[in-house]
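S.K.: Below are the C-alpha coordinates for one structure; questions will follow.
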Amino acid sequence: MANDGNGDNNDDPLRQYLMNPRINPPPPSLLTLPENNDVTIPMPITPLELKNRLIFGSFVRSRKESSLPIDALSQNPSTSSSATTSFSDSTDLLLPLTEPNKPVRKSKPTINFHRSKTAPAMAAINNISHPNDPKTDQQSDSKTIVNQAVALLVVYLSLGVLIYWLNRDSYNVKQTHPVVDALYFCIVTMCTIGYGDITPDSVVTKLFSIFFVLVGFGFMDILLSGMVTYVLDLQENYMLETARNESLNLNDRDKVRSYIIDVKKGRMRIRLKVGLALGVVVLCLGFGVLIMHFVEKIGWLDSFYFSVMSVTTVGYGDRAFNTLAGRLLAAMWLLVSTLAVARAILFLAESRVDKRNRERAKKVLGESMSISQFLDADIDCNGCVSKAEFVIYKLKKMDKITEKDINPIGFQFDKLDRTNSGRITLLDLLESSTKDLPTATSI
(Lines of atoms letter the chains of each structure in order from A and count residues from 1; the text may use other names and numbers.)
(Lines give C-alpha, C1' and ligand atoms only; values in the text may rest on other atoms or scores of the structure.)
Protein backbone atom coordinates (compact mmCIF):
# COMPACT_ATOMS: atom_id res chain seq x y z
CA MET A 1 0.00 0.00 0.00
CA ALA A 2 3.02 2.32 0.31
CA ASN A 3 4.06 4.59 -2.61
CA ASP A 4 7.52 4.43 -4.11
CA GLY A 5 10.23 7.03 -3.71
CA ASN A 6 8.75 9.68 -1.50
CA GLY A 7 7.13 7.20 0.92
CA ASP A 8 3.78 8.93 0.63
CA ASN A 9 1.14 6.78 2.34
CA ASN A 10 -1.89 8.80 1.41
CA ASP A 11 -3.50 5.75 -0.16
CA ASP A 12 -3.06 3.70 3.01
CA PRO A 13 -6.61 3.08 4.39
CA LEU A 14 -5.40 2.77 7.98
CA ARG A 15 -3.59 6.14 7.76
CA GLN A 16 -6.65 7.75 6.17
CA TYR A 17 -8.89 6.37 8.89
CA LEU A 18 -6.68 7.67 11.69
CA MET A 19 -6.40 11.12 10.09
CA ASN A 20 -10.06 11.42 9.13
CA PRO A 21 -12.24 9.08 11.24
CA ARG A 22 -15.67 8.28 9.99
CA ILE A 23 -18.90 6.82 11.23
CA ASN A 24 -20.47 4.22 9.02
CA PRO A 25 -23.93 5.17 7.80
CA PRO A 26 -26.79 2.90 8.74
CA PRO A 27 -27.25 0.03 6.30
CA PRO A 28 -30.32 -0.09 4.08
CA SER A 29 -33.24 -2.28 4.94
CA LEU A 30 -32.53 -4.64 2.01
CA LEU A 31 -28.97 -5.77 1.34
CA THR A 32 -27.87 -5.38 -2.29
CA LEU A 33 -25.85 -8.12 -3.86
CA PRO A 34 -22.58 -6.87 -5.39
CA GLU A 35 -22.27 -7.98 -8.98
CA ASN A 36 -19.51 -6.00 -10.69
CA ASN A 37 -17.71 -4.86 -7.55
CA ASP A 38 -15.35 -6.68 -5.24
CA VAL A 39 -16.95 -8.48 -2.34
CA THR A 40 -15.49 -7.61 1.07
CA ILE A 41 -15.50 -10.29 3.72
CA PRO A 42 -17.45 -9.19 6.82
CA MET A 43 -15.36 -9.00 9.95
CA PRO A 44 -16.58 -10.99 12.97
CA ILE A 45 -18.04 -9.05 15.86
CA THR A 46 -16.40 -9.03 19.25
CA PRO A 47 -17.98 -10.89 22.22
CA LEU A 48 -18.76 -7.59 23.94
CA GLU A 49 -20.61 -6.29 20.88
CA LEU A 50 -22.55 -9.55 20.57
CA LYS A 51 -23.53 -9.33 24.24
CA ASN A 52 -24.73 -5.74 23.81
CA ARG A 53 -26.65 -6.71 20.68
CA LEU A 54 -28.46 -9.55 22.49
CA ILE A 55 -29.29 -7.36 25.49
CA PHE A 56 -30.12 -3.99 23.93
CA GLY A 57 -31.22 -5.01 20.44
CA SER A 58 -30.06 -3.56 17.10
CA PHE A 59 -27.66 -0.64 17.19
CA VAL A 60 -25.29 1.25 14.92
CA ARG A 61 -21.69 0.97 15.93
CA SER A 62 -20.34 4.32 16.99
CA ARG A 63 -16.84 5.54 16.63
CA LYS A 64 -16.00 4.75 20.25
CA GLU A 65 -17.58 1.30 20.13
CA SER A 66 -16.00 0.39 16.78
CA SER A 67 -12.66 -1.25 16.55
CA LEU A 68 -10.16 0.86 14.62
CA PRO A 69 -8.34 -2.04 12.96
CA ILE A 70 -11.62 -3.64 11.92
CA ASP A 71 -12.98 -0.46 10.27
CA ALA A 72 -9.66 0.28 8.66
CA LEU A 73 -9.30 -3.19 7.20
CA SER A 74 -12.91 -3.30 6.08
CA GLN A 75 -12.37 -0.14 3.99
CA ASN A 76 -11.36 -0.88 0.37
CA PRO A 77 -10.56 2.16 -1.86
CA SER A 78 -10.99 0.20 -5.09
CA THR A 79 -14.55 -0.72 -4.38
CA SER A 80 -17.66 1.38 -4.61
CA SER A 81 -19.33 2.88 -1.58
CA SER A 82 -22.39 0.71 -1.95
CA ALA A 83 -20.48 -2.50 -1.66
CA THR A 84 -18.46 -1.20 1.22
CA THR A 85 -21.39 0.01 3.21
CA SER A 86 -23.32 -3.17 2.55
CA PHE A 87 -20.90 -5.34 4.46
CA SER A 88 -19.04 -2.83 6.59
CA ASP A 89 -20.85 -3.81 9.79
CA SER A 90 -21.08 -7.55 10.23
CA THR A 91 -23.53 -7.26 13.06
CA ASP A 92 -26.22 -6.19 10.61
CA LEU A 93 -26.53 -9.81 9.53
CA LEU A 94 -28.39 -10.45 12.78
CA LEU A 95 -31.19 -8.08 11.73
CA PRO A 96 -34.40 -9.68 10.48
CA LEU A 97 -35.65 -8.87 7.01
CA THR A 98 -38.09 -5.97 6.90
CA GLU A 99 -40.54 -4.73 4.38
CA PRO A 100 -39.21 -2.36 1.69
CA ASN A 101 -39.61 1.41 2.13
CA LYS A 102 -40.17 0.89 5.84
CA PRO A 103 -37.74 2.55 8.24
CA VAL A 104 -35.85 0.33 10.62
CA ARG A 105 -36.86 0.94 14.21
CA LYS A 106 -34.15 0.94 16.76
CA SER A 107 -35.22 -0.94 19.86
CA LYS A 108 -34.66 0.99 23.06
CA PRO A 109 -32.56 -0.68 25.72
CA THR A 110 -34.66 -2.29 28.43
CA ILE A 111 -33.82 -1.15 31.93
CA ASN A 112 -34.94 -3.33 34.82
CA PHE A 113 -34.89 -1.87 38.31
CA HIS A 114 -34.15 -4.23 41.18
CA ARG A 115 -34.17 -3.47 44.88
CA SER A 116 -30.74 -3.51 46.42
CA LYS A 117 -30.75 -5.26 49.79
CA THR A 118 -27.60 -3.41 50.84
CA ALA A 119 -28.82 0.07 49.99
CA PRO A 120 -28.10 2.48 52.86
CA ALA A 121 -31.16 4.56 52.01
CA MET A 122 -33.44 1.86 53.42
CA ALA A 123 -31.77 2.17 56.80
CA ALA A 124 -32.35 5.92 56.72
CA ILE A 125 -36.02 5.40 55.89
CA ASN A 126 -36.35 2.84 58.65
CA ASN A 127 -34.75 5.22 61.14
CA ILE A 128 -37.19 7.96 60.19
CA SER A 129 -40.26 5.73 60.38
CA HIS A 130 -39.20 3.67 63.41
CA PRO A 131 -36.61 5.61 65.41
CA ASN A 132 -36.89 3.49 68.56
CA ASP A 133 -35.23 0.14 69.15
CA PRO A 134 -37.65 -2.52 70.50
CA LYS A 135 -35.02 -3.98 72.81
CA THR A 136 -34.23 -0.56 74.26
CA ASP A 137 -37.93 0.16 74.75
CA GLN A 138 -38.45 -3.19 76.49
CA GLN A 139 -35.54 -2.59 78.85
CA SER A 140 -36.78 0.91 79.67
CA ASP A 141 -40.27 -0.46 80.37
CA SER A 142 -38.84 -3.10 82.71
CA LYS A 143 -36.83 -0.50 84.59
CA THR A 144 -39.94 1.66 84.88
CA ILE A 145 -41.89 -1.25 86.37
CA VAL A 146 -39.10 -1.93 88.87
CA ASN A 147 -38.96 1.71 89.92
CA GLN A 148 -42.72 1.78 90.38
CA ALA A 149 -42.66 -1.44 92.40
CA VAL A 150 -39.94 -0.12 94.71
CA ALA A 151 -41.78 3.17 95.19
CA LEU A 152 -45.06 1.38 95.96
CA LEU A 153 -43.32 -0.95 98.40
CA VAL A 154 -41.85 2.00 100.28
CA VAL A 155 -45.23 3.76 100.37
CA TYR A 156 -47.03 0.57 101.48
CA LEU A 157 -44.64 -0.18 104.31
CA SER A 158 -44.40 3.46 105.39
CA LEU A 159 -48.18 3.80 105.58
CA GLY A 160 -48.45 0.54 107.53
CA VAL A 161 -45.75 1.53 110.00
CA LEU A 162 -47.35 4.95 110.51
CA ILE A 163 -50.82 3.54 111.20
CA TYR A 164 -49.40 0.87 113.51
CA TRP A 165 -47.38 3.49 115.37
CA LEU A 166 -50.43 5.68 115.92
CA ASN A 167 -52.57 2.72 117.10
CA ARG A 168 -49.95 0.50 118.72
CA ASP A 169 -52.03 0.19 121.90
CA SER A 170 -54.92 -1.34 119.91
CA TYR A 171 -53.01 -4.55 119.05
CA ASN A 172 -52.59 -7.73 121.04
CA VAL A 173 -48.84 -8.21 120.74
CA LYS A 174 -45.73 -9.02 122.69
CA GLN A 175 -43.97 -5.74 122.00
CA THR A 176 -40.27 -5.46 121.22
CA HIS A 177 -39.91 -2.15 119.34
CA PRO A 178 -42.81 -0.24 117.71
CA VAL A 179 -41.06 0.26 114.35
CA VAL A 180 -39.76 -3.31 114.14
CA ASP A 181 -43.12 -4.71 115.23
CA ALA A 182 -44.93 -2.55 112.67
CA LEU A 183 -42.60 -3.62 109.85
CA TYR A 184 -42.91 -7.26 110.88
CA PHE A 185 -46.72 -6.99 111.01
CA CYS A 186 -46.89 -5.36 107.55
CA ILE A 187 -44.71 -8.05 105.93
CA VAL A 188 -46.61 -10.92 107.56
CA THR A 189 -49.92 -9.40 106.47
CA MET A 190 -48.78 -8.71 102.90
CA CYS A 191 -47.38 -12.24 102.52
CA THR A 192 -50.68 -13.69 103.88
CA ILE A 193 -48.91 -15.81 106.50
CA GLY A 194 -50.83 -14.81 109.62
CA TYR A 195 -48.94 -16.20 112.62
CA GLY A 196 -51.48 -14.77 115.03
CA ASP A 197 -48.88 -13.23 117.34
CA ILE A 198 -50.02 -9.69 116.39
CA THR A 199 -53.79 -9.19 116.05
CA PRO A 200 -55.95 -6.02 115.86
CA ASP A 201 -58.13 -5.24 118.85
CA SER A 202 -60.19 -2.20 117.79
CA VAL A 203 -62.51 -1.11 115.00
CA VAL A 204 -59.94 1.16 113.39
CA THR A 205 -57.18 -1.44 113.40
CA LYS A 206 -59.52 -4.14 112.08
CA LEU A 207 -60.65 -1.91 109.19
CA PHE A 208 -57.03 -1.08 108.52
CA SER A 209 -56.12 -4.78 108.48
CA ILE A 210 -58.90 -5.53 105.97
CA PHE A 211 -57.69 -2.77 103.69
CA PHE A 212 -54.08 -3.79 104.14
CA VAL A 213 -54.75 -7.44 103.24
CA LEU A 214 -56.74 -6.59 100.09
CA VAL A 215 -54.10 -4.15 98.90
CA GLY A 216 -51.39 -6.67 99.73
CA PHE A 217 -52.81 -9.22 97.26
CA GLY A 218 -52.47 -6.81 94.36
CA PHE A 219 -49.11 -5.60 95.56
CA MET A 220 -47.68 -9.11 95.62
CA ASP A 221 -48.72 -9.48 91.99
CA ILE A 222 -46.89 -6.25 91.15
CA LEU A 223 -43.77 -7.52 92.87
CA LEU A 224 -43.95 -10.86 91.06
CA SER A 225 -44.54 -9.36 87.61
CA GLY A 226 -42.14 -6.48 88.13
CA MET A 227 -39.14 -6.85 90.38
CA VAL A 228 -38.74 -10.63 90.42
CA THR A 229 -39.25 -10.96 86.67
CA TYR A 230 -36.76 -8.17 86.00
CA VAL A 231 -34.10 -9.77 88.21
CA LEU A 232 -34.62 -13.19 86.60
CA ASP A 233 -34.48 -11.71 83.10
CA LEU A 234 -31.19 -10.00 83.93
CA GLN A 235 -29.79 -13.29 85.18
CA GLU A 236 -31.02 -15.11 82.07
CA ASN A 237 -29.54 -12.53 79.71
CA TYR A 238 -26.23 -12.67 81.53
CA MET A 239 -26.07 -16.45 81.27
CA LEU A 240 -27.02 -16.36 77.58
CA GLU A 241 -24.34 -13.78 76.78
CA THR A 242 -21.79 -15.82 78.68
CA ALA A 243 -22.78 -18.96 76.77
CA ARG A 244 -22.49 -17.15 73.43
CA ASN A 245 -19.13 -15.56 74.15
CA GLU A 246 -17.48 -18.64 75.61
CA SER A 247 -15.27 -20.62 73.25
CA LEU A 248 -15.48 -24.17 74.63
CA ASN A 249 -13.62 -26.89 72.79
CA LEU A 250 -14.69 -29.84 74.90
CA ASN A 251 -17.66 -31.77 73.56
CA ASP A 252 -18.84 -32.77 77.04
CA ARG A 253 -19.03 -29.17 78.15
CA ASP A 254 -20.88 -28.29 74.95
CA LYS A 255 -23.42 -31.00 75.68
CA VAL A 256 -23.91 -29.75 79.22
CA ARG A 257 -24.31 -26.18 77.99
CA SER A 258 -26.85 -27.21 75.34
CA TYR A 259 -28.77 -29.19 77.95
CA ILE A 260 -29.01 -26.14 80.21
CA ILE A 261 -29.22 -23.24 77.73
CA ASP A 262 -30.83 -23.19 74.30
CA VAL A 263 -28.40 -20.87 72.50
CA LYS A 264 -30.14 -21.12 69.11
CA LYS A 265 -33.50 -19.97 70.46
CA GLY A 266 -31.86 -17.47 72.81
CA ARG A 267 -33.50 -18.60 76.03
CA MET A 268 -32.91 -20.72 79.09
CA ARG A 269 -34.48 -24.12 79.15
CA ILE A 270 -37.49 -24.48 81.43
CA ARG A 271 -35.77 -27.24 83.40
CA LEU A 272 -33.02 -24.79 84.37
CA LYS A 273 -35.57 -22.19 85.45
CA VAL A 274 -37.35 -24.73 87.65
CA GLY A 275 -34.04 -25.92 89.08
CA LEU A 276 -32.90 -22.40 89.92
CA ALA A 277 -36.25 -21.54 91.51
CA LEU A 278 -36.20 -24.68 93.63
CA GLY A 279 -32.61 -23.97 94.58
CA VAL A 280 -33.58 -20.50 95.82
CA VAL A 281 -36.41 -22.05 97.84
CA VAL A 282 -33.99 -24.50 99.46
CA LEU A 283 -31.65 -21.62 100.33
CA CYS A 284 -34.53 -19.70 101.87
CA LEU A 285 -35.51 -22.73 103.93
CA GLY A 286 -31.97 -23.16 105.16
CA PHE A 287 -31.65 -19.49 106.06
CA GLY A 288 -34.93 -19.66 107.99
CA VAL A 289 -33.77 -22.74 109.90
CA LEU A 290 -30.59 -20.92 110.94
CA ILE A 291 -32.52 -17.84 112.09
CA MET A 292 -34.96 -19.86 114.20
CA HIS A 293 -32.32 -22.13 115.70
CA PHE A 294 -29.70 -19.54 116.61
CA VAL A 295 -31.86 -16.43 117.15
CA GLU A 296 -35.16 -17.82 118.43
CA LYS A 297 -33.43 -20.71 120.25
CA ILE A 298 -35.62 -23.45 118.72
CA GLY A 299 -34.57 -27.06 118.03
CA TRP A 300 -33.51 -28.20 114.57
CA LEU A 301 -36.69 -30.15 113.82
CA ASP A 302 -38.96 -27.38 115.07
CA SER A 303 -36.88 -24.83 113.16
CA PHE A 304 -37.27 -26.78 109.93
CA TYR A 305 -40.99 -27.24 110.57
CA PHE A 306 -41.49 -23.55 111.31
CA SER A 307 -39.42 -22.56 108.26
CA VAL A 308 -41.51 -24.69 105.90
CA MET A 309 -44.78 -23.39 107.37
CA SER A 310 -43.54 -19.83 106.94
CA VAL A 311 -42.15 -20.15 103.40
CA THR A 312 -45.30 -21.87 102.13
CA THR A 313 -47.43 -19.12 103.81
CA VAL A 314 -49.38 -21.68 105.86
CA GLY A 315 -48.76 -20.18 109.29
CA TYR A 316 -50.56 -22.38 111.81
CA GLY A 317 -49.83 -19.93 114.60
CA ASP A 318 -48.26 -22.42 117.00
CA ARG A 319 -44.88 -20.78 116.46
CA ALA A 320 -43.90 -17.14 115.90
CA PHE A 321 -40.98 -14.74 116.16
CA ASN A 322 -40.77 -13.18 119.61
CA THR A 323 -37.36 -11.46 119.73
CA LEU A 324 -36.35 -8.12 118.24
CA ALA A 325 -33.59 -9.58 116.07
CA GLY A 326 -35.84 -12.45 114.98
CA ARG A 327 -38.63 -10.14 113.82
CA LEU A 328 -36.21 -7.83 112.04
CA LEU A 329 -34.60 -10.71 110.13
CA ALA A 330 -38.00 -12.30 109.51
CA ALA A 331 -39.28 -9.11 107.87
CA MET A 332 -36.61 -9.40 105.15
CA TRP A 333 -36.54 -13.20 104.98
CA LEU A 334 -40.30 -13.69 104.60
CA LEU A 335 -40.57 -11.14 101.77
CA VAL A 336 -37.87 -12.84 99.69
CA SER A 337 -38.82 -16.45 100.48
CA THR A 338 -42.54 -16.10 99.71
CA LEU A 339 -41.76 -14.47 96.36
CA ALA A 340 -39.28 -17.25 95.56
CA VAL A 341 -41.82 -19.97 96.37
CA ALA A 342 -44.50 -18.27 94.28
CA ARG A 343 -42.11 -17.98 91.34
CA ALA A 344 -41.09 -21.62 91.67
CA ILE A 345 -44.74 -22.68 91.53
CA LEU A 346 -45.20 -20.57 88.37
CA PHE A 347 -42.15 -22.20 86.77
CA LEU A 348 -43.47 -25.66 87.60
CA ALA A 349 -46.81 -24.82 85.99
CA GLU A 350 -44.97 -23.38 82.99
CA SER A 351 -42.95 -26.57 82.59
CA ARG A 352 -46.12 -28.66 82.56
CA VAL A 353 -47.72 -26.41 79.96
CA ASP A 354 -44.54 -26.41 77.87
CA LYS A 355 -44.38 -30.20 77.91
CA ARG A 356 -48.02 -30.45 76.86
CA ASN A 357 -47.46 -27.97 74.03
CA ARG A 358 -44.46 -29.92 72.75
CA GLU A 359 -46.44 -33.15 72.70
CA ARG A 360 -49.31 -31.46 70.87
CA ALA A 361 -46.97 -29.89 68.31
CA LYS A 362 -45.25 -33.22 67.70
CA LYS A 363 -48.61 -34.89 67.15
CA VAL A 364 -49.86 -32.18 64.75
CA LEU A 365 -46.67 -32.22 62.69
CA GLY A 366 -46.72 -36.00 62.47
CA GLU A 367 -50.25 -36.40 61.12
CA SER A 368 -51.09 -36.26 57.40
CA MET A 369 -53.61 -33.87 55.87
CA SER A 370 -57.05 -35.20 55.04
CA ILE A 371 -59.59 -33.74 52.63
CA SER A 372 -61.57 -32.08 55.40
CA GLN A 373 -58.38 -30.55 56.78
CA PHE A 374 -57.49 -29.36 53.28
CA LEU A 375 -60.83 -27.57 53.01
CA ASP A 376 -60.34 -26.01 56.44
CA ALA A 377 -56.85 -24.82 55.53
CA ASP A 378 -58.03 -23.19 52.28
CA ILE A 379 -58.79 -19.79 53.78
CA ASP A 380 -59.48 -17.88 50.55
CA CYS A 381 -61.39 -20.84 49.02
CA ASN A 382 -59.43 -20.83 45.75
CA GLY A 383 -58.99 -24.59 45.56
CA CYS A 384 -55.38 -24.67 46.70
CA VAL A 385 -53.49 -24.20 49.97
CA SER A 386 -50.56 -21.82 49.98
CA LYS A 387 -47.62 -22.04 52.34
CA ALA A 388 -48.95 -19.18 54.48
CA GLU A 389 -52.36 -20.85 54.78
CA PHE A 390 -50.72 -24.16 55.68
CA VAL A 391 -48.62 -22.53 58.41
CA ILE A 392 -51.64 -20.71 59.87
CA TYR A 393 -53.67 -23.92 59.87
CA LYS A 394 -50.94 -25.87 61.66
CA LEU A 395 -50.48 -23.14 64.25
CA LYS A 396 -54.21 -23.21 64.94
CA LYS A 397 -54.10 -26.96 65.38
CA MET A 398 -51.25 -26.54 67.88
CA ASP A 399 -53.35 -23.99 69.81
CA LYS A 400 -50.58 -21.43 69.41
CA ILE A 401 -52.85 -18.88 67.72
CA THR A 402 -56.59 -18.32 67.42
CA GLU A 403 -58.87 -16.21 65.26
CA LYS A 404 -58.68 -13.49 67.91
CA ASP A 405 -54.94 -13.31 67.30
CA ILE A 406 -55.23 -13.26 63.51
CA ASN A 407 -58.03 -10.71 63.10
CA PRO A 408 -56.14 -7.70 64.55
CA ILE A 409 -53.13 -8.53 62.37
CA GLY A 410 -55.33 -8.74 59.28
CA PHE A 411 -56.98 -5.46 60.22
CA GLN A 412 -53.59 -3.74 60.42
CA PHE A 413 -52.55 -5.31 57.09
CA ASP A 414 -55.68 -3.92 55.42
CA LYS A 415 -54.78 -0.46 56.67
CA LEU A 416 -51.30 -0.70 55.19
CA ASP A 417 -52.61 -2.14 51.90
CA ARG A 418 -53.96 1.09 50.42
CA THR A 419 -54.64 -0.35 46.96
CA ASN A 420 -56.34 -3.57 48.16
CA SER A 421 -53.91 -5.60 46.07
CA GLY A 422 -53.26 -8.20 48.74
CA ARG A 423 -49.67 -7.08 49.25
CA ILE A 424 -47.82 -4.20 50.88
CA THR A 425 -45.46 -2.18 48.72
CA LEU A 426 -42.83 0.32 49.75
CA LEU A 427 -45.00 3.14 48.44
CA ASP A 428 -47.88 2.00 50.66
CA LEU A 429 -45.56 1.91 53.64
CA LEU A 430 -44.22 5.40 52.99
CA GLU A 431 -47.73 6.77 52.54
CA SER A 432 -48.99 5.15 55.73
CA SER A 433 -46.00 6.40 57.74
CA THR A 434 -47.26 9.96 57.35
CA LYS A 435 -50.48 9.07 59.13
CA ASP A 436 -50.98 7.87 62.67
CA LEU A 437 -51.42 4.11 62.91
CA PRO A 438 -52.47 2.35 66.15
CA THR A 439 -49.47 0.76 67.79
CA ALA A 440 -51.59 -1.98 69.33
CA THR A 441 -55.04 -3.29 68.66
CA SER A 442 -57.22 -4.49 71.48
CA ILE A 443 -57.97 -8.19 71.36
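Backbone N, Cα and C define each Cβ position, glycine as well.
Predicted, not measured: the structure shown is a model, and the values here were computed from it.
Pulled these features from Swiss-Prot for this protein:
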BINDING   Asp378, Asp380, Asn382, Cys384, Glu389  Ca(2+) 1 binding site
COMPBIAS  72-98  compositional bias 'Low complexity'
DOMAIN    404-439  domain 'EF-hand 2'
INTRAMEM  181-200  intramembrane segment
INTRAMEM  302-321  intramembrane segment
REGION    67-109  region 'Disordered'
TOPO_DOM  1-144  topological domain 'Cytoplasmic'
TOPO_DOM  229-274  topological domain 'Cytoplasmic'
TOPO_DOM  349-443  topological domain 'Cytoplasmic'
TRANSMEM  145-165  transmembrane segment
TRANSMEM  208-228  transmembrane segment
TRANSMEM  275-295  transmembrane segment
TRANSMEM  328-348  transmembrane segment
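Give me the structural setting of these features: burial, nearby parts and distances.
M.R.: Note: Cys384 (Ca(2+) 1 binding site) has non-local neighbours Asp378, i.e. same-chain residues 6+ apart with C-beta under 8 A of its own C-beta.
Summarised by DSSP class, the composition of the domain 'EF-hand 2' (404-439) is 21 helix, 0 strand, 15 coil.
Same-chain residues lying 6+ beyond the ends of the intramembrane segment (302-321) with a Cβ under 8 Å from its Cβ atoms: 184, 188, 191-197, 281, 284-285, 288-290, 292-293, 296, 327, 330, 334, 337-338, 341.
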S.K.: When a 10 Å sphere is centred on the Cβ of Asp378 (Ca(2+) 1 binding site), how many other Cβ atoms does it contain?
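M.R.: I get 16 for this one.
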S.K.: Cβ within 8 Å of the Ca(2+) 1 site's Cβ centroid: which residues qualify beyond Asp378, Asp380, Asn382, Cys384, Glu389?
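M.R.: Surrounding the site, in chain order, are Ala377, Ile379, Cys381, Gly383, Val385, Ser386.
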S.K.: So what's the mean pLDDT when you look at the topological domain 'Cytoplasmic' (1-144)?
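M.R.: In the predicted model, the topological domain 'Cytoplasmic' (1-144) has a mean pLDDT of 51.
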S.K.: In terms of Cβ proximity under 8 Å, which residues at least six beyond the ends of the transmembrane segment (275-295) contact it?
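M.R.: Distal contacts: 235, 302-304, 306-308, 310-311, 323, 325-326, 329-330, 333, 336-337, 340-341, 343-344, 347-348.
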S.K.: Given the binding-site residues Asp380, Glu389, which one is most crowded in terms of C-beta atoms within 10 angstroms?
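M.R.: Per the Cβ count within 10 Å, the most buried is Glu389.
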S.K.: Can you count helix, strand and coil residues in the topological domain 'Cytoplasmic' (349-443) using DSSP?
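M.R.: The topological domain 'Cytoplasmic' (349-443) comes out at 58 helix, 0 strand, 37 coil.
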S.K.: Report the same-chain neighbours of Asn382 (Ca(2+) 1 binding site): residues 6+ apart in sequence with Cβ closer than 8 Å to its Cβ, ordered by sequence.
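M.R.: Within the chain, Asn382 (Ca(2+) 1 binding site) has no Cβ neighbours under 8 Å at 6 or more residues' separation.
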